[in-house]
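Now, the feature entries from TrEMBL:
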TRANSMEM  13-33  transmembrane segment
TRANSMEM  95-114  transmembrane segment
TRANSMEM  134-161  transmembrane segment
TRANSMEM  182-209  transmembrane segment
TRANSMEM  324-345  transmembrane segment
TRANSMEM  365-382  transmembrane segment
TRANSMEM  402-426  transmembrane segment
TRANSMEM  447-472  transmembrane segment
TRANSMEM  478-499  transmembrane segment
TRANSMEM  543-565  transmembrane segment
TRANSMEM  571-589  transmembrane segment
Amino acid sequence: MGAAMLSELATEIVVPVCAVIGIAFSLVQWVMVSRVKLTSERHASSANSSKNGYGDYLIEEEEGINDHSVVTKCADIQNAISEGATSFLFTEYQYVGIFMIAFAILIFLFLGSVEGFSTKSQPCTYDKEKMCKPALATAIFSTVSFLLGAITSVLSGFLGMKIATYANARTTLEARKGVGKAFIVAFRSGAVMGFLLAANGLLVLYIAINLFKLYYGDDWEGLFEAITGYGLGGSSMALFGRVGGGIYTKAADVGADLVGKVERNIPEDDPRNPAVIADNVGDNVGDIAGMGSDLFGSYAESSCAALVVASISSFGINHDFTGMLYPLLISSVSILVCLITTLFATDLFEIKVVKEIEPALKKQLIISTILMTVGIAIVTWIGVPSSFTIYNFGVQKVVKNWQLFLCVGVGLWAGLIIGFVTEYYTSNAYSPVQDVADSCRTGAATNVIFGLALGYKSVIIPIFAIAISIFVSFSFAAMYGIAVAALGMLSTIATGLAIDAYGPISDNAGGIAEMAGMSHRIRERTDALDAAGNTTAAIGKGFAIGSAALVSLALFGAFVSRAAITTVDVLTPKVFIGLIVGAMLPYWFSAMTMKSVGSAALKMVEEVRRQFNTIPGLMEGHAKPDYATCVKISTDASIKEMIPPGALVMLTPLIVGTFFGVETLSGVLAGALVSGVQIAISASNTGGAWDNAKKYIEAGASEHARTLGPKGSDPHKAAVIGDTVGDPLKDTSGPSLNILIKLMAVESLVFAPFFATHGGLLFKIF
């Protein structure tokens, strides 16, 4: 079969070094962002004033507005947003921490009971002649890796939120120098999150594998089965982060829009609106912390799925450590590729005008994909033998290294296709969104109809891209091929997250400009940054959903192998009932999350109306609204409402596997995957299209847009209603569904030994 050119020692060095480079690069970006000061030094010496970077030049730029008061206002608003976001996440993490400990105990008890908590070695699952470590060891190490994954996921979300709230006011202040300067601050801040998350995820997984190896030794089957807990921990935290953050942000957003824009006819981020701080906090806890945890979960799960399949293939049997860590080598080279790509946006090319923003962000995706294709080719050539075998439902399938390269490559390019299709259907530069905006002429009803039709249609090409990826990767390398295809789609995660985090940072920057009373010219610049960020956020969601489909299928394959199921026959009643129930679950989950947003928004609308009606001088701008009450409403509602959807996802595999067995559970997983992907794509794109249709009318950049405006016109009000309906679709239900399908699959894989041994209680009784 041959051996890899890259030695085991070189692999041991390359992976952690690349992770450390990623962390170092993110810190360098943070230092550069921190150079923009949030304190005014007008009363200090003139020397200090010039060092601050905000001398007479900025006062002239700001057209006579006092520099000191503007900077102070920006700092105060940023502090309020940061405190609100930190307070919410700490409250959320207290609840999530209790769940984390309870579920860790559950993992230990379920997996430990497989062999009656025996400490004796047992015959290996796939090679009965060999002896493997006891099931109790798998229970202990799976619990530890679950906790590691959960903590890393929580940390990823929290650090992302901190850098976003650190950078938003700095982006606003830089917008006074020009749109290019503001873009660089927002993008660098996003890069801090992207590289920290990618590098931390890789480093923690690498360290966990090496530490577990000290105990497991040659039992790689047991070692990598225990490592799957890492993916489960990452995704379970992401679920609560996504659902909780999504409910928070949309409750505030809907409340602010309905009362502020539609009823009171004031701008979106007007400081008179009591929900405005809660709305800006929501952008960070939903789109930043939630998305960070979500993509970390996808990365962890695709890596774990690939490692589990590889451990029972020739890499595991022959103890080829370099071949075994091929998924980690891809992630390592991706950090270097994304680092080079980032320099194109921040150092090599400068944005001078508004129309260059969106192309610059799209170039990031294209450059990273092209460079990553070369990187994958090099890693596959030096890190994988020319020929090897992959476990494929009971038999070993021979695979060539060039076939493995194609598996990763097809996932990588499918991700780019999904990204650009998403952009086409959600950017107001193209006809689909312009048609939705045009439909607002006849009211909100036609706007809603056009938006729904757009969302359903936008599913077609991404599904074909995913289908082709699955066919090619499975044909070449079975379930391992699908796992590395998912990894390929996620290989540009650092760049993807930088682009994604850039959006909420720019959105916050616009809000701060409005609240600080900055000139219309500054607000136009931040709006331009935000409009580009809206589209890139939709692209990020497209990546997350596409990769979730591949990850779920790879985990499904690993589960079927581990549970010793040779074929999944849909004509068997046990499987078919699972299939139809599984297909229903995304609808049930969406109903829960949508209703949660509605309930929370109702309380927010009532509170905002109350303040406008009872606080004298609020509408005239003489009195200050009570922001804290609105922040508390969003926090309380999201914490309370995130528990039922989370429980549905976490308990379903446990109940089905325990009472109905592995065959019914395989049907549930397949059904949830098939329907979940469709709903997630259509929900995200419908919501994104409605949002950008509203912005298209507000910006009035073309003759067509001006005929629909201005703000406050009937078409604009219809567009606001469409955007309000779409908000929970694109920021709560849609993005959370990809976690549902991944999480159920990885949970089933972790508990597979228990289900295979003790599952199907009802069928045993009857």
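In case you wondered, yes, glycine gets a Cβ from its N, Cα and C as well.
Any TrEMBL annotation is an automated prediction that lacks curation.
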Long-range Cβ neighbours of the transmembrane segment (134-161) (under 8 Å; 6 or more residues past either end)
85-86, 89, 93, 96, 100, 103-105, 107-112, 114-115, 117-122, 193, 196-197, 200-201, 204, 208, 212, 215-216, 222-223, 225-238, 241, 284-285, 288-293, 296-297, 300, 497, 501, 750, 753
Output the single range from 182-209, 402-426, 447-472, 571-589 maximising the number of Cβ pairs under 8 Å to the transmembrane segment (324-345).
182-209
If we call contact 3 or more Cβ pairs under 8 Å (sequence gap 6 or more), are the transmembrane segment (365-382) and the transmembrane segment (13-33) touching?
no
For the transmembrane segment (478-499), the distant same-chain contacts (Cβ-Cβ under 8 Å, at least six residues beyond its ends) come to 22, 160, 187, 190-191, 193-195, 197-199, 291-292, 295, 298-299, 302-303, 305-306, 309-310, 313, 326-327, 330-331, 334-335, 337-339, 341-342, 361, 364-365, 368-369, 372, 375-376, 390-393, 397, 399, 403-404, 407-412, 414-415, 469-470, 472, 536, 539-540, 543, 546-547, 550-551, 553-554, 557-558, 561
Long-range CB partners for the transmembrane segment (571-589) (under 8 A, at least six residues beyond its ends), listed in sequence order, are 645, 648-649, 652, 656, 660-661, 663-676, 679-680, 733, 736-737, 740-741, 744, 763
